[in-house]
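Pasting the relevant annotations from TrEMBL:
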type	residues	note
BINDING	20, 21, 22, 23, 24, 25, 26, 27, 28, 43, 44	ATP binding site
ACT_SITE	136	active site, proton acceptor
REGION	295-415	region 'Disordered'
COMPBIAS	338-371	compositional bias 'Basic and acidic residues'
COMPBIAS	406-415	compositional bias 'Basic and acidic residues'
Ligand SMILES: Nc1ncnc2c1ncn2[C@@H]1O[C@H](COP(=O)(O)OP(=O)(O)OP(=O)(O)O)[C@@H](O)[C@H]1O
């Protein structure tokens with residue numbers, strides 16, 4: 001009972017305003033922190049079947065996220081359970097990069113693009129240094145504050161709350177930013193997945209539309225290979241050992257310049273390094289920041305001079321009127337594009353179906369995909385906290401050493 005009272009007390013601290021939207025994990029509300037007068041965004045996470053509440057591992061990791069403080073990471077101000085939901089309180093942000101990119105009234109100069117990329121990579125480099133991966137980088141997770149500062153949102157949530165049920169979420173769009181090692185089913189991966197996604201965001205800033213819009217994981221790989229040429233074992237030695245590897249028909253890469261006509265030579269060079277197939281050879285976020293693209297003219301635009309949409313989410317602390325009661329609006333059901341993704345993010349089920357569906361585009365090396373998948377243990381726990389061992393090891397040591405030998409895909413610890 002005391003616990004209920006406590007959570008109510010914490011919840012009462014925040015004066016709920018309108019719904020900002022609904023994402024993978026639940027509804028996001030605008031709210032006012034009555035203690036500080038600060039406008040915040042509260043993400044209400046459905047705990048689903050976990051009636052007993054958030055498990056210990058999740059709580060420990062939420063605590064770690066609270067300590068993840070950087071000018072380019074959305075601050076997790078508070079976290080509390082209430083009425084069977086977990087509430088995560090974040091600093092409020094005015095808009096996001098997806099809104100900026102889609103707004104045709106906004107002209108983005110090369111210096112503006114450089115500025116957005118620099119802030120993105122700074123946020124990434126900071127988290128990677130702390131062994132935390134994002135795993136779900138996309139333009140709508142890059143929030144922009146009232147002074148133009150860009151901050152990465154949703155860091156670590158994929159790890160804590162698991163990969164969402166992708167059959168019924170808008171997460172399908174996240175595929176466009178997924179690194180090839182993930183698409184080939186790698187269960188152990190490193191910071192390179194975020195760098196690949198950042199490369200896709202860079203490409204999207206340059207061309208003002210999502211770069212590689214695959215309609216399935218197989219199609220996504222097809223799009224990647226069409227852009228950069230089919231990956232070969234000489235470029236990526238671990239390729240053929242990935243759990244879901246299938247051989248693709250060889251296509252040569254078109255000149256990168258033809259894909260990004262407006263990009264400078266430096267931008268193209270950095271892009272090609274972010275899109276390196278072998279995750280071990282891919283540039284790190286820190287190295288990318290040190291690339292000459294960022295030091296050559298034009299220099300990145302000052303954040304407060306960056307163009308932003310005219311219509312903003314109201315964000316004034318003056319919204320706070322202590323006389324008013326909380327405005328509780330029932331969350332609008334966001335119309336979602338439901339695209340069944342039968343294999344989801346983690347599973348291999350129906351992989352063979354998919355390959356058959358796309359038989360025209362792909363070539364199965366030996367027709368034994370299911371058999372090949374069985375050879376490689378697929379139940380290795382993910383770990384965004386790369387320095388620490390998986391919390392619940394689910395394979396035995398023989399399997400693990402076999403996997404290590406075959407994949408040799410240890411986390412790439414950034415320097
Ligand atoms: N800190 C914040 N400040 C202001 N608005 C926010 C904040 N965090 C999220 N929002 C807004 O709330 C809505 C839902 O966000 P959420 O992050 O849950 O999902 P999403 O980014 O739309 O999708 P996904 O869950 O697939 O990443 C979005 O419109 C988002 O811009």
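The first residue you see is number 1, and the count goes up from there.
Cβ from N, Cα, C; glycine included.
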Find the longest CA to CA distance in the recorded ATP-binding set 20, 21, 22, 23, 24, 25, 26, 27, 28, 43, 44; express it in Å as a whole number.
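Across 20, 21, 22, 23, 24, 25, 26, 27, 28, 43, 44, the two farthest Cα atoms sit 14 Å apart.
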Once the chains shown are all counted, how many other Cβ atoms turn up within 10 Å of the Cβ of residue 20 (ATP binding site)?
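If we count other Cβ atoms within 10 Å of residue 20 (ATP binding site), we arrive at 18.
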Please list the binding-site residues from 20, 24, 26, 28, 44 whose Cβ falls under 6 Å of any atom in ligand 1.
20, 24, 28
Within 8 Å of the Cβ centroid of the ATP site residues 20, 21, 22, 23, 24, 25, 26, 27, 28, 43, 44, which other residues of the same chain have their Cβ?
45
Could you tell me the C-alpha distance between residue 44 (ATP binding site) and the residue listed as 'active site, proton acceptor' in angstrom, no decimals?
18
Check residue 28 (ATP binding site) against DSSP and tell me helix, strand or coil, would you?
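Residue 28 (ATP binding site) sits in a strand per DSSP.
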How big is the Cα-to-Cα gap, in Å, between residue 24 (ATP binding site) and residue 136 (active site, proton acceptor)?
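Residue 24 (ATP binding site) to residue 136 (active site, proton acceptor), Cα-Cα distance: 11 Å.
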Count the other Cβ atoms sitting within 10 Å of the Cβ of residue 22 (ATP binding site), across every protein chain shown.
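Residue 22 (ATP binding site) is surrounded by 17 other Cβ atoms within 10 Å.
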If you count other Cβ atoms within 10 Å of each one's Cβ, which of the recorded positions 24, 26, 28, 44, 136 has the most?
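Of 24, 26, 28, 44, 136, the one with the most crowded Cβ is 136.
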Could you measure between residue 28 (ATP binding site) and the residue listed as 'active site, proton acceptor' for me? Cα positions, answer in whole angstrom.
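Distance (Cα to Cα, whole Å): 17 Å.
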Could you tell me which three-state DSSP class residue 44 (ATP binding site) falls into?
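Looking at the DSSP assignment, residue 44 (ATP binding site) belongs to a strand.
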